[in-house]
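*Asks:* Okay, so TrEMBL annotates it like this:
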DOMAIN    A:42-272  domain 'ABC transmembrane type-2'
TRANSMEM  A:47-68  transmembrane segment
TRANSMEM  A:80-103  transmembrane segment
TRANSMEM  A:124-150  transmembrane segment
TRANSMEM  A:156-178  transmembrane segment
TRANSMEM  A:190-209  transmembrane segment
TRANSMEM  A:247-266  transmembrane segment
Amino acid sequence: MSATTVTPAALKGDTPISLRAHLRHTGALIRRNLLWIRQDPESMFDAILFPVIFTLLFVYVFGGSIGQSLGGGQDQYVQYVIPGLLAMMGMNMAQGVGTGFNTDFNSGVMDRFRSLPIGRGSVLFAKIAVELMRMMFATAVLLVVALLVGYDVHSWSGLLGAVGLSAVFGSALMWVFLTLGVVMKSAQSVQAMGFLVLMPLQFGSSIFAPTKSMPGWLQAFTDYNPLSALADCARGLMEGGAVARPLWVTLIWSVGLTAVMAPVAIHKFRTKS
Amino acid sequence: MTRIDDTPAGGSHAVTVRGLVKHYGETKALDGVDLDVRQGTVMGVLGPNGAGKTTLVRILSTLITPDAGEAVVAGYDVVRQPRQLRRVIGLTGQYASVDEKLPGWENLYLIGRLLDLPRKDARARADELLERFSLTEAAKRPASTYSGGMRRRLDLAASMIGRPAVLYLDEPTTGLDPRTRNEVWAEVKAMVGDGVTVLLTTQYMEEAEQLASELTVVDRGKVIAKGGIEELKARVGGRTLRVRPLDPLELRPLAGMLDELGITGLASTTVDDQTGTLLVPILSDEQLTAVVGAVTARGITLSAITTELPSLDEVFLSLTGHRASAPQDPTPADTREEVAV
């Protein structure tokens, strides 16, 4: 065929995108996602309501009786559950990221982004950065509520460490949910999927209650549930207790999930037609 | 046009496509398409829903990769040099691809930054394009509050930020009312005046005639005709002149007279009794003038006279012998009505 007319004169392969350009693109997209929040402040409701509702619900509904089994009362349960809720904050923001991204992805604007000379990860990195900001906001709300229901901060540095760990684990989960957001057809199915997967993981863990009183088969599950390690580690950091083992388990899960799911998410984002 | 000369290939074709194939399972969205678009011209790609128009645009804008074939745009290979190519193309999709939650200005600023313009330049470019597309007053409002026409104009402005050498307009006026459509056409004409090469897909012969200098007609993933607009119009029987005499009794004598004179197009003149009009096929402006002259000479008073382009369906009927249809793709009901009148 007329290959001579088709072949470009200078075929030098493709030019790579520099790190600075990557940061610039991600920054511009972060600005976009922050403007969304300004345009639609209601999207922050979950970040405010979730910590408030969960704290009040667990402390006042279950707190008395679980506290008794801990050998104290509601006060003792507050010290138990707040580190758990703090550890959960990252994953709760992660759950929403897939839903939002699915809606975003199905709008025409993604085609425009994908036809621009930007790194394919930029759109996803920006999304994660903004969700982490939302998580920090939700964590601040949680702390205020925690202090109001009588939580005693034993170690501020431990608390900061727990927040950091929650963010690390949360962003690892965000890659999972971003992948679901790209792959699944509707925002509703992403939400349903997130709920179905996270719900048993959250309650089948040491986040809300000690696992000692659970039946053996469930304990076997909770022992291997990364969310237990995450909650135990936060508790160790904030209240004292073993930290090393749960820290390693949480970090290994976080790094593993990110190493596997980040390339999958970016690949799916790049190739989705 | 000088912009294209900066790119490696130079040459006279801004878009060259050879044997492009894309299959989705059993569906052959593109089944060996060849296409050449000369620099600084507008190529219209005309076809019904499901003909493969959007697939072609998506391949040429690097959103999907072809199964076979080659395509070079502005000197860059769409498969092997996507990043370089993305710098020199602009895309306006079938559905306005602007961020509805962002204000108009922010939409343009964002694209500017993603195209590596320094902050100052991105700001200036956003201001400039809003001004040019008459959106300055709506600059701070979220795009979700815009009318359909404003959204398309913002979309066009967004695709112009990087001063593209080649612009893809994928059904730019589908779903717009006639007035808004004229607005968008005027903007596109102004952009072509700036020297950008345009690949336009459309379902409307009228749109192709307004904007394109050359036309490629596609159906079921294949090119079924190509050539200059006038040439293709002549092949499909040109235009139809609708004449309505004030006195309906004049209809038949007038039809007979025109047929006898033999100054009209290939088909014979037909009478539409319901509307009291005479449908006269014409191939050229000369024929149009001759018909009007003959009517005047006869002293017949007219109450209406209009010319119409053939519909997409008529174009298909005369080129392929079958109606424009999309057998494989599920076609939304609203657009199907427009196609199969």
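Cβ from N, Cα, C; glycine included.
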*Asks:* Give residue numbers and ranges for long-range contacts of the transmembrane segment (A:47-68): same chain, 6 or more residues beyond its ends, CB-CB under 8 A.
*Replies:* 74-78, 80-82, 85, 88-89, 92-93, 134-135, 137-139, 141-142, 145-146, 149, 208-210
*Asks:* For the transmembrane segment (A:80-103), what are the same-chain contacts with Cβ under 8 Å, counting residues 6+ beyond its ends?
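*Replies:* Distal contacts: 46-47, 50-51, 54-55, 58-59, 63, 66-67, 70, 127-128, 131-132, 134-135, 138-139, 142-143, 146, 151, 159, 162-163, 165-171, 173-174, 176-182, 184, 186-187, 190-191, 193-195, 198, 202, 206-208, 210, 227, 230-231, 233-235, 237-239.
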*Asks:* Can you work out which residues elsewhere in the same chain, 6+ from the ends of the transmembrane segment (A:124-150), have a Cβ less than 8 Å from its Cβ atoms?
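*Replies:* Those are 26-27, 29-30, 32-34, 37, 44, 47-48, 50-52, 55-56, 59, 75, 78, 82, 85-86, 89-90, 92-94, 96-97, 100-101, 159, 163, 166-167, 170-171, 174-175, 178, 262, 265-266, 269, in sequence order.
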